[in-house]
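Let me begin by presenting the structure, written as structure tokens, before commenting on it.
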Amino acid sequence: MEETPAWGSDAWGASGEWLAPREARPGLSLSSVLNELPSAATLRYRGPGVLPCGALEEQDEDEEGNIQAFVGATQKELQESCPSRELPWPMQARRAHAKRHTWDQVANGSGSRAAHWARVLRRSREKMREACCTLQPWAWTLKRIGGQFGAGTESYFSLLRFLLLLNVLAAALKACMTLLPTWLEGTPPGPPSTNISSPCGSYNPSSQGLIAFHTQLFNLLTGQGYLEWSPLFYGFYPPRPRLAVTYLCSVFAIGLLCLLLILHRSVSGMKQTLLAESGALTSYSHRVFSAWDFGLRGAVHVRLRQRTILYELQVELEEAVVRRQAAVRTLGQEARVWLVRGLLNLLVLALLGAACYGVFRTTEYTVELQENSFVQQTPLLKLLVNYLLSIFIFLVNFVLPPVFKLIAPLEGYTRSLQIVFILLRTVVLRLASLFSLLFSLWTQITCRGRGNAKAKDCKTCGYNYEELPCWETRVGQEMYKLLLFDLLTGLAVSLLIQFPRKLLCGLFPGALGRLAGTQEFQVPDEVLGLIYAQTVVWVGSFFCPLLPLLNTAKFLLLFYLKKLTLFSTCSPASRTFRASMVNCFFPLVLVLGLAISAVPVLCSIFLIPPSKLCGPFQGQPSIWAQIPESIYSLPQATQNFLFFLGTQAFAVPLLVISSILMAYTVSLANSYGRLISELKRQIETEAQNKVFLAQRAVALSSANGAL
């Protein structure tokens, strides 16, 4: 018969590592072609006892030998003791193998009772996990949001549900460790009398006589009056040793619990993030051939998925264009780009510095206005002055983020990096404004930067007792006002801007409707608002113990408000937000917010003396001084153990063990990295197999007319 001429090396693609194929022999079958693959594992992929495609087409000696070799390999696989999940078979073949293996164990009596109970325990744990997933609140709502508006919008509501869980746990801890001990040890005393003389002044927050309605409303919005001496704030709790210990321990317990839950959430989403950001899943072939979900139902969901895939391809192409332009830049163009980036970053730093300085000056100006007699006599003006700082922080956070969005495209980064820089700058702006507020309050409490007379007065009690006789309650009131103002602005924006804008677009479809424009749910801004609100709660939970409970109610209302706004006024985004960034970036921002909130709380505990006229730590040189006194009241064995935890004999072995565990973790991560590299090379080999099969099919078709 006629032989097929040998193919040149050009027919095999650009890779020089592949061997040139042998000349096609007469009557060459598909099974013999499969034997020549770079990886022969394809012969066994279909499962045990299933012949490869084309194995029965011809019955020559070569074919019979290949079948015998295939059967031998199958029998060898069946005799191996590896688990079914590790076999290179389809799911049905794995299940059949596992069932057969279980029957063999029962027949031979080789299955141990411990292994049986281990399997039962594992299955029970899996069923409990599935039951817990079904009991999660708003599970169906989140699926509906993800199906209609994309995974990015769903991630916002998922984060809101997670923060709601944190606040529920924090409120429960505060109730058990603060409120319950307060009432179990007796009725809390009332506010201090004005007749009591003290070197640190007097403090009487209770109002006398008949109170007008506008004063009641003012007290509700500012936390003063009847709310100032209530379980809502620090000053209400009496100076009892056990209560002081539980009060302080509740703060550390809440911080540790939040840290562990945030780390667990970030680690659980790390696998999906790494896979989503890896090159294997962001390639064009994955988007074209594997990104479609054949379980979608409904024209709306189908169009949304089409739009999502279109956006992902558009992002890939845009970033490829940017990278290609960056690769061909000359030295002068590269220098010009870096000069523009440097100038823009200097502009961003100047804006951030101006915002922080404005917050600092607004705090001092607010204190001066509150002492004005005209302001004190005008209720509306007094309320405006009390909320002046919150209004200024809101305006800063409202004006500067759009400026950051205009700056980002000028820096020449890809779309993904632009989003990261916008988010980072917005996060720094929000947290820096909050930190500036706390710093300005710290200067007022400690009389730093003030006149010599006031600085000398502060040395008497260690804090500014004339203006702030109960400074912890004052800090709690500021955090309370920030939380309340954030809720009121969210309601105002939804009811007064978003809903009328939607009605305007529906009633006037012409030029006026186009001017109003369609609304899109801005996931980055909304998520950063959540993180900012949660940071305020973490700061204020020490000074306002019921603030987590108030934030729980706020987040419940916010969830239903945002859900109504989403389905009533918003349309699916033209550029959906990547959910992988949420799984990686926002937990890190939460940890950053928790770390920043810990700074003022720890400074208050260790550095600033507590108020002498209010709170559970009256008469102590510092808030932390109550802990050593409580330890000395314990039995001697317990004292020795607790003091041993602070010695070098405990710290050095702990450091050594931590270093060993860290080295083990690093080596384990390196081994996983090598395994990932091996799997990537295996994927490349499988791609070479497909090219090899396609070229062999062309060769056989040209030789025999048909395969």
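First residue shown is number 1, and so on along the chain.
Keep in mind that glycine also has a Cβ here, set from the backbone N, Cα and C atoms.
TrEMBL does not curate its annotations; it predicts them automatically.
Record features, source TrEMBL:
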DOMAIN    470-580  domain 'TMC'
TRANSMEM  162-184  transmembrane segment
TRANSMEM  244-263  transmembrane segment
TRANSMEM  380-400  transmembrane segment
TRANSMEM  420-442  transmembrane segment
TRANSMEM  536-561  transmembrane segment
TRANSMEM  582-608  transmembrane segment
TRANSMEM  641-664  transmembrane segment
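Of the ranges 380-400, 420-442, 536-561, 582-608, 641-664, the one with the most Cβ pairs under 8 Å to the transmembrane segment (244-263) is 582-608. If one looks beyond the transmembrane segment (162-184) by at least 6 residues along the same chain, the residues whose Cβ comes under 8 Å of a Cβ in the stretch are 231, 237-238, 240, 242-243, 246-247, 249-250, 253-254, 257-258, 261, 265, 530, 534, 537, 541, 545-546, 548-549, 551-552, 555-556, 559. Listed as Cβ neighbours of the transmembrane segment (420-442) (distance under 8 Å, sequence separation of 6 or more from its ends, same chain) are residues 348, 352, 355-357, 359-360, 363-364, 389, 393, 396-397, 400-401, 404-405, 408, 411, 413, 448, 474-475, 478, 482, 524-525, 528, 531-532, 535-536, 539, 581, 585, 589, 592-593, 596, 599-600, 603, 608.
Mapped onto DSSP helix, strand and coil, the domain 'TMC' (470-580) counts 86 helix, 4 strand, 21 coil. Mean predicted confidence for the domain 'TMC' (470-580): the pLDDT average there is 81.
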